[in-house]
Amino acid sequence: FLLKSQLCYCLFGIELIGAGIHALHEDEIFTVDYCGTNCTKQSNGSWTTCPGNCSCYHEDGKTDGFCLSTEYTDFTQFPNLTSEEMDAATPRPE
């Protein structure tokens, strides 16, 4: 139960940070996703690896962390799309 509470608190805090960044710059988004696994500090001081493009994030002095993927998108690098271009890029139901 404690781990789930800590996870919710951590993810909730990250969501607030992401929302705060989003509120500062409307054309930029920073997203954080939990990768479904945790990481652990080993006796030699290294951390267990996380899957895929996920990285281990942990507090100083702790031996457990969360595997998270982060992504930054700057929408100012994309031109203004026309309605036709947006329609063409919209996913269609199967």
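The backbone N, Cα and C atoms fix where each Cβ goes, glycine too.
Under the heading disulfide bond, Swiss-Prot lists Cys35-Cys54, Cys39-Cys56, Cys50-Cys67, citing similarity to another entry as support. The feature N-linked glycosylation site is assigned by Swiss-Prot to Asn38, Asn44, Asn53, Asn80, with sequence analysis given as support.
Cβ contacts within 10 Å of Cys67 (disulfide bond), excluding its own Cβ and spanning all protein chains shown: 21. Distances between the Cα of Asn44 (N-linked glycosylation site) and those of the disulfide-bonded residues Cys35, Cys56, Cys67 are shortest for Cys56. Cα spacing between Cys54 (disulfide bond) and Cys67 (disulfide bond): 6 Å, rounded to the nearest whole number. The two recorded residues, Cys35 (disulfide bond) and Cys50 (disulfide bond), show a Cα separation of 8 Å. Note: the Cα of Cys56 (disulfide bond) and the Cα of Asn80 (N-linked glycosylation site) are spaced 36 Å from each other. Checked against Asn80 (N-linked glycosylation site) by C-alpha proximity, the recorded positions Asn38, Cys39, Cys50, Asn53, Cys67 yield Asn53 as the nearest. Using Cα positions, the member of the recorded positions Asn38, Cys39, Cys67 nearest to Asn53 (N-linked glycosylation site) is identified as Cys67.
Taking the C-alpha positions, the distance from Cys67 (disulfide bond) to Cys39 (disulfide bond) comes to 6 Å.
Within its own chain, Asn38 (N-linked glycosylation site) has Asp64, Gly65, Phe66, Cys67 as residues 6 or more apart in sequence whose C-beta sits under 8 angstroms from its own. Other Cβ atoms within 10 Å of the Cβ of Cys39 (disulfide bond), summed over all protein chains shown, number 21.
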